[in-house]
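A quick write-up on the structure given underneath.
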Amino acid sequence: MPEGRPFYLTTPIFYVNDVPHIGHAYTEVAADVLTRWHRQSGDDTWLLTGTDEHGQKILRTATANGASPKEWTDRLVETAWKPLLETIDIANDDFIRTTDERHERRVKLFIEKLHEAGHIYEAEFEGLYCVGCEEFKPQSEIVEGTGQYAGQKVCAIHGRPLELMQEKNYFFRMSAFQQQLLDLYKERPEFVQPESARNEVVAFVSQGLNDLSISRSSFDWGIPIPWDPSHVLYVWVDALLNYATAIGYGEDDAEFTRRWPAQHIVGKDILRFHAVIWPAMLMAAGLPVPAGVFGHGWLLVGGEKMSKSKLTGIAPNEITDTFGSDAFRYYFMRAISFGQDGSFSWEDLAARYQAELANGFGNLASRVLAMVKRYFDGVVPQPVVDEAAELAIQTTVSAAVLEADAAIERFAIHDALAAVWKIVDALNGYITEQEPWALAKDQARRDRLATVLYTATEGLRALAVLLSPVLTKAAPKLWAALGVEDSLGELSAQPLRSAGEWGQLKPGTAVGELEPLFPRIEAA
Ligand code: MSP
């Protein structure tokens, strides 16, 4: 039987009409850091990501590129979206495509069930549709066009004209779940986070809910409706179901029960789909609602949401080619409060790389290991008497672990990193104050030198563990240089929540070489 508290986290599944930019990578990294933290804490963890491949947006892009939608999606998934996961070092447990057979089969089971239970009916429908959003727009998001679109209704998000659609559709009786949803937000205030997101969702549902059109018959790039294959399932209903189909909904009950419910991480632009439509669908199917929905902010470039369509898109490898994946992961998790918007700038990235990663952390590690080499022939010394300064470091380390873990529990990844960085700062201050290079000149102070270098090295041991969910390349390098693999085991097996227990590094351990963790970046 699996051990540990279940923790199933999902990212949104990405539209494959185009290649990824750093906004998409941001969602992935946040989800990956959270799951790596939980996995290393012993929780029964699962990270799901994948691609959203049906619908008009993809169909039109494929056609415009002279490809069939299947050829197009296969190409983009293999050449752009799966490689993204390597570029930014994501340790996902599964990757689902909405064109996977397992997904299509299980979606049909789900929708059939809703139909049989009387939650679906057929009716004539007319509405203004935005292909960019893949959504019939509510009145509040329809604006008058200007410039080339003057006289037309445009989407407030995409700024492009809306299309009038008139069809016979199948509808999901979502309006019936209004009260149940409001009760959910009330009884479980943490269901939608952060609070600003929750308020928006509550206000939206309080206004009243319409039924949802869930089928389309004017094109066929989608999953056929089981009882009427002249219609395909609405792309958002198809996409949301990935969270259930990937873990075996309808076919593998043991796996489904083990994992469900999921915690969802989504951008705030798609919050409503996840916090309103999706729980209503689950309620209708008699399944538990998600564990929660966290809506993060946008990466802004020049004050606007970064996007390919507005030509502000930056490809993740433009950053990682120069700074590496660790810097990418660290920068976005540290510089932006998770849940709020944040501006990206090359200057800020370069400044933090130099000050925090290279000078703050990288140099600390190199200097401490170099001193162990020089003064103790590369063998971790036995500490002698812990004085106030050593006790202060021990307290900083154990407090940082608790603080960081509590921050991760509330999805405050930036606070978790800030808590861990208190150790980096404390160790740097400690070394400056204790001046081991001065102690080394005086044979009578050899015990003191041993205590100081033990403390610094043991501090690095804790840092390697605590930073491993974020600095997935540098932390294992530091772990290897500390020479602890034989005595303590692999880094990934270190229980994160006990990282602060002092004295795990054994005196007598032989340390190894450490190449600079964050080398100087030469200006191009
Ligand atoms: N396919 C839907 C999601 C379906 S989930 C059942 C979709 N895909 S998307 O590719 O357009 O967006 C995926 C995620 O990337 C969303 O969470 C979105 O918020 C995020 N981002 C897209 N641009 C972004 C920024 N500029 N900044 C931060 N996140 C951004 O929506």
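Glycine is no exception: its Cβ is also placed from the backbone N, Cα and C atoms.
What TrEMBL says about this one:
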type: BINDING; residues: CYS130, CYS133, CYS155, HIS158; note: Zn(2+) binding site
type: DOMAIN; residues: 8-369; note: domain 'Methionyl/Leucyl tRNA synthetase'
type: DOMAIN; residues: 381-522; note: domain 'Methionyl-tRNA synthetase anticodon-binding'
type: MOTIF; residues: 14-24; note: motif ''HIGH' region'
type: MOTIF; residues: 305-309; note: motif ''KMSKS' region'
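Shown here: features listed in TrEMBL, placed on the structure.
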residue	record	CB count, 10 Å
CYS130	Zn(2+) binding site	22
CYS133	Zn(2+) binding site	20
CYS155	Zn(2+) binding site	22
HIS158	Zn(2+) binding site	17
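Neighbouring residues of the recorded Zn(2+) site, listed in sequence order and excluding CYS130, CYS133, CYS155, HIS158, comprise VAL131, GLY132, GLU135, LYS137, GLU141, VAL154, ALA156, ILE157, ARG160, LEU162 (Cβ within 8 Å of the Cβ centroid). In this structure, HIS158 (Zn(2+) binding site) belongs to neither helix nor strand by DSSP; it is coil. Under the three-state DSSP scheme, CYS133 (Zn(2+) binding site) falls in the coil class. In the motif ''HIGH' region' (14-24), the DSSP tally of helix, strand and coil residues is 3 helix, 2 strand, 6 coil.
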